[in-house]
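J.: Encoded as structure tokens, here's the structure I'll be asking about.
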Amino acid sequence: MTDYDVIVIGGGHAGCEAASASARLGARTVLITHKMDTIGVMSCNPAIGGLGKGHLVREIDALDGLMGRVADAAGIQFRLLNRRKGPAVRGPRTQADRKLYREAMQREISGIENLSVIEGDAFDLLTEDGVVCGTAMKDGRIFRAAAVVLTTGTFLKGLIHIGQRKIPAGRVGEEPSLGLSGTLRRFGLQLGRLKTGTPARLDGRTIDWDRVGRQGPDENPVPFSFMTDAIINRQIDCGVTRTTDATHKIIADNIHQSAMYSGQIEGVGPRYCPSIEDKIVRFGERDGHQIFLEPEGLDDDTVYPNGISTSLPEDVQDAFIRTIPGLEQVKILQPGYAIEYDHVDPRELELSLGVRKMPGLFLAGQINGTTGYEEAGAQGLVAGLNAALRSIGRAPHFFSRTDSYIGVMIDDLTSRGITEPYRMFTSRAEYRLSLRADNADMRLTPAGITLGCVGDARRQRFEAWKHSYETGRTLLQSLSVTPSEGKRFGLKLNQDGQRRTAFDILSYPDQSIAALKPLWPELQTIPAGVVEALEIDAAYAVYMERQATDIAGVRRDENTSIPDDFDYEVLPGLSNELKQKLAQHKPRNLAQAMKVDGVTPAAISLILSWLRRQVRQAQRVGG
């Protein structure tokens, strides 16, 4: 029997971030995975980031997590999505070389102090007096710890479907995790089934690249990580093609052979990453669906056809793929498949990602009903931090939907639950003007420094950057001009006699620090590394001031906790229906109570009144 502070089960994106975060806080951590050489494997698409997802990667990085640095080390086609739109909704993304990503992640994991990696199959969880305290391995080994983090991905009772063929697996060639699913049911947790899918892998040497379009990388790649100075990998194009009427006919004629449409699959798939069968059934009026042909590596001929995930039989896959321009002679290296797996209802979780019914147990990733590497990594970081905090007797750290996309995601999951795999979008955040990808470090790194999860190198670099930023902002706010003075330098200002600072003027369309230098030569002293941040903050300053009151109100409601044992039955004036709904949902604070269907402002006032009464009674007893 071996003792640790924290045990992390699963070596995928959530598990790596959880183990790293726990170890960075100083907890003796062990990462248990089926195979060490699969740590960092990208099971589905070879890409990191995107709309909403890129924000999560930046936030992971701001807390000194791994994904951003690893993506920078492996990225082979960087693109900033929504570049023409406002900074709040821009999404950094890169295609990644699978081999480079895996190698970079394994290097990171192997270099972390306080972290051990063990191969094996965690079969059961150990408990004492209702508290999780370790894991039992299939081979008989026992590991004990103050906290356990489960990051099982699609391995929890995983089942692959290719046509009518079923293969128990967590992914191709790897056995599922069966014992832990039974353990969670034994604990009384509410489990469900979800489904995801992946397309066939193609031999790039058999693609007619002259018949497909091309999409290139950005000329100046923007890294994910604050710690990355430059992208060094060669950047490549990907191909672009479309399905045809012939493609659609083959799929429609064989839809009964799809595992998803034959009744073979119980689980619900991701709405925003539909299979090609779903696209044909739901959007049959379209004459074609776009496909991105994404090379899987700089020295790898494998191509990932993004947009045609499927669970049709192999012969049907071969037939419909060959109707796509450029793929007429293509060779399939691995068929596409759907995979079904167990997940836990995320409403079973605290905001710390700890399980309410089983203290000491934390869950992260697809086990919580999410989809995507980025969502998994962000949850892993939160679960790992809070598991480590528990192990050293510190209070958990909660992320707010007012300070991060991480907070938005966790609040959505724990308060609303899921009916399909959850994916992050910028539209999920009410305060997205504040929660931009470009300001993730300013928002979260100070909290990470306080927590102790940010290393010295990042802290020093961040503090130097912040000093430059604050010096530059002070300078911009100290320089001012009248409308008539500005007019002499070509500035179009309202002729109202009011002085405006350089910072104010930057909020005007088409203004920049460079354009203001003829008027104020001292602006040349502002370091290039903070110019864009200052320009964006100036552009959003008025809107941020308006949001500040709303954000303060939400934070106040989030900080008003509702005890787990709060008795809604004693509240006079609350309908029986609302009493039942609130007792079922068990909102953790007033902000979550407001989201319960049917809850009115009057009901919130009533709850708040009773909470205050309980506080006064407790104070009288204590006094």
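Cβ coordinates are placed from backbone N, Cα and C, and glycine is handled just like the others.
I grabbed these lines from Swiss-Prot:
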- Gly10, Gly11, Gly12, His13, Ala14, Gly15: FAD binding site (BINDING)
- 269-283: NAD(+) binding site (BINDING)
J.: I'm trying to understand the geometry here, so how far is the Cα atom of Cys273 (NAD(+) binding site) from the Cα atom of His13 (FAD binding site), in Å to the nearest whole number?
T.: 19
J.: Would you mind ranking the binding-site residues His13, Arg271, Lys279 by how many other Cβ atoms sit within 10 Å of each Cβ and giving me the lowest?
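T.: Candidates: the binding-site residues His13, Arg271, Lys279. Fewest Cβ atoms within 10 Å: Arg271.
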J.: Pop the Cα-Cα gap between Glu277 (NAD(+) binding site) and Gly15 (FAD binding site) into the table, whole Å please.
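T.: The separation of the Cα atoms works out to 32 Å.
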J.: By CA-CA distance, flag whichever of Gly269, Arg271, Ser275, Glu277, Val281 among the binding-site residues is nearest to Gly11 (FAD binding site).
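T.: Answer for the nearest of the binding-site residues: Gly269.
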J.: Beyond the listed site residues Gly10, Gly11, Gly12, His13, Ala14, Gly15, identify every same-chain residue whose Cβ lies within 8 Å of the center of their Cβ atoms for the FAD site.
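T.: In sequence order, the nearby non-listed residues are Val8, Cys16, Glu17, Ala18, Thr33, Thr151, Gly153, Gly365, Ala376, Gly380.
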J.: Whole-number Å distance between the CA of Gly269 (NAD(+) binding site) and the CA of His13 (FAD binding site)?
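T.: Pair distance, Cα basis, whole Å: 20 Å.
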J.: Given the binding-site residues Gly15, Gly269, which one's Cβ is surrounded by the fewest other Cβ atoms within 10 Å?
T.: Gly269
J.: Measure the Cβ-based neighbour count of Gly11 (FAD binding site), defined as the other Cβ atoms within 10 Å of its Cβ.
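T.: So the Cβ neighbour count for Gly11 (FAD binding site) comes to 27.
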J.: Tell me the Cβ neighbour count for Cys273 (NAD(+) binding site), meaning other Cβ atoms within 10 Å of its Cβ, over all protein chains shown.
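T.: Result for Cys273 (NAD(+) binding site): 19 other Cβ atoms within 10 Å.
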J.: What number of additional C-beta atoms lies within 10 angstroms of the C-beta atom of Gly10 (FAD binding site)?
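T.: So the Cβ neighbour count for Gly10 (FAD binding site) comes to 32.
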J.: Distance between Phe283 (NAD(+) binding site) and His13 (FAD binding site) at the Cα atoms, whole Å?
T.: 33
